[in-house]
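Pulled from TrEMBL, these are the features on record:
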{"type": "DOMAIN", "residues": "1-467", "note": "domain 'Major facilitator superfamily (MFS) profile'"}
{"type": "TRANSMEM", "residues": "83-101", "note": "transmembrane segment"}
{"type": "TRANSMEM", "residues": "113-131", "note": "transmembrane segment"}
{"type": "TRANSMEM", "residues": "137-158", "note": "transmembrane segment"}
{"type": "TRANSMEM", "residues": "170-190", "note": "transmembrane segment"}
{"type": "TRANSMEM", "residues": "196-215", "note": "transmembrane segment"}
{"type": "TRANSMEM", "residues": "274-292", "note": "transmembrane segment"}
{"type": "TRANSMEM", "residues": "312-336", "note": "transmembrane segment"}
{"type": "TRANSMEM", "residues": "348-367", "note": "transmembrane segment"}
{"type": "TRANSMEM", "residues": "379-402", "note": "transmembrane segment"}
{"type": "TRANSMEM", "residues": "414-437", "note": "transmembrane segment"}
{"type": "TRANSMEM", "residues": "443-463", "note": "transmembrane segment"}
């Protein structure tokens, strides 16, 4: 679980655009220059337009973090749009990496692919800190994006296969994205510039590498490949590291014999199998749309948070802490409130998120003649944004749980992988949404609310409740409460779950 947290430290590169695209406030030192109206009423594009047309001596006001925008003079015009493209290229890397590393991890094993992917990410992350221009920086971040996907897909599977199923909710609750964001924000606060931060955050993943050399390959992955000799050796290594006795005859060999007795499924499943029947196609469309919408909302709100007024670091620290605490609530609700099903887990946070971002739009649009109330208004916007971001994170948990519980075993990995690709595709829109706030501040929140309402309607009318579903029933194609056909079915289901 600690190794997973270190992996998340590196994965937080996905929110690095909040910092390296930070745009400082601009003004003019010409004594006779005046904006056409109060500055708080102007968008960034309007400010740039007036400065470009009427100001001869620009003033770059002090910023809490020295960003790529400052070093490469990407304040206005096409250069400002290029800065948004850097983030888009990074997300494209994550999309490509999800496909490439996912297949490599299946074929060559979790451990070697995780080691190579994280090593490549560390090297290019450090190199990004020395990039002489934004284009080379974008190329380095593209490679880092692929490594982030390696962490989120292959390394995550490696970690899950070493812990008990009942420990997974605990891990998501107490070793999570919120704590990683806290450390990432602290690194930015201490480093104070994008170059040093890129290097430090990449080096935070270094402790994972020696541990991967000590730990064996996942025994469960060996089992899926029917390489029982290597599986036995890996289990021995785990027992030795744990200081526990190892009884191969009673444990591993018995499981191996049972696994060998299964009929091998030689069919190669693809995305086409997700549409082989209406029930499966229905599930794919519903769950895939929820993943897409959650990704757009989550990353769109995150990347736009750097454009909000107020204390930059304080809002980022509080947002990260709120997300970490919200994850703990999932563990408590799942453990002590059985009636809190998957539908409620998605719909209640979605409703609160829509209300929060609708309130932000009202605050941004409501008139203020002389900007006298701008300070209190900005504070309210920041607080409401933090609340909304925290509840978006809860909808992510609903998406992951439903996807794992709704697809039959034979196509569960294909189903979850397809949902992940849709989420990565949605994330590509996030940097462009942050750029649109330069034109008109409420636009990102209008998009998030619109997509959130559609997602809520899909959830209310089409999302099934999968909490406590009998996974064996999905393979039988019958009643969700029916039993597996045999003990062999149970073994096959367990192997596929661990593989997923």
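Just so it is clear, glycine is given a Cβ too, placed from its N, Cα and C backbone atoms.
Tertiary proximity for the transmembrane segment (83-101) is limited to same-chain residues at least six positions away from its ends with a CB under 8 Å from its CB atoms, namely 13-14, 16-17, 20-21, 23, 68-69, 74, 113, 117, 134, 137-139, 141-150, 152-154, 299, 303, 417, 420-421, 424-425, 427-428, 430-432, 434-435. Using a cut-off of 8 Å between Cβ atoms, the transmembrane segment (348-367) and the transmembrane segment (196-215) share fewer than three residue pairs, counting only pairs 6 or more apart in sequence.
Counting C-beta pairs under 8 angstroms (sequence separation of 6 or more), the transmembrane segment (170-190) reaches the transmembrane segment (312-336) with 3 or more such pairs. Proximity of the transmembrane segment (274-292) to the transmembrane segment (113-131) is not established, fewer than 3 Cβ-Cβ distances being under 8 Å for residue pairs spaced 6 or more apart. Mean pLDDT, taken over the domain 'Major facilitator superfamily (MFS) profile' (1-467), works out to 83 on the 0 to 100 scale. When Cβ-Cβ distances below 8 Å are used as the criterion, the transmembrane segment (196-215) is approached by residues 3, 6-7, 9-10, 12-13, 16, 19-20, 111, 114-115, 118-119, 121-122, 124-126, 128-129, 144, 151, 155, 162, 183-184, 187-188, 237-238, 241 of the same chain, each at least six residues removed from its ends.
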